[in-house]
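Database features (Swiss-Prot):
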type: DISULFID; residues: 27-61; note: disulfide bond
type: DISULFID; residues: 36-57; note: disulfide bond
type: DISULFID; residues: 40-53; note: disulfide bond
type: DISULFID; residues: 44-81; note: disulfide bond
type: DISULFID; residues: 63-75; note: disulfide bond
type: DOMAIN; residues: 27-81; note: domain 'TIL'
type: SIGNAL; residues: 1-23; note: signal peptide
């Protein structure tokens, strides 16, 4: 039984590293891969206020510098966040 647990753990660890390598190349346009980012990424909705956010080490894609997530979760230039309306 302990051997099965060890083999299962090793398989999951290797699989996680293997899958993690593919995540880097699958980021959408205007996003980059990072191994550790905050749970609440900068967004157009949060631009006017600074929310309390706990930084967790979560790998994934984040908006590149100068871009924020819009209501459709797409990274857009900061200038497009409020097009057509005032702050």
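Heads up, residue numbers simply count up from 1 along the chain you see.
Glycine too: its Cβ is placed from the backbone N, Cα and C atoms.
Since this is a predicted model, take the numbers as computed values, not measurements.
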Secondary-structure category, per DSSP, in which residue 81 (disulfide bond) falls: coil
Disulfide-bonded residues (36, 44, 63, 81), the one with most neighbouring Cβ atoms at 10 Å: 63
Entry from the disulfide-bonded residues list 27, 53, 57, 61, 75 having the most other CB atoms no farther than 10 A: 75
Cα separation, residue 27 (disulfide bond) to residue 63 (disulfide bond) (Å, whole number): 9
Rounded to the nearest Å - Cα separation of residue 27 (disulfide bond) and residue 75 (disulfide bond): 11
C-beta crowding around residue 40 (disulfide bond), within 10 angstroms: 13
Per-region confidence, the domain 'TIL' (27-81) (mean pLDDT, whole number): 88
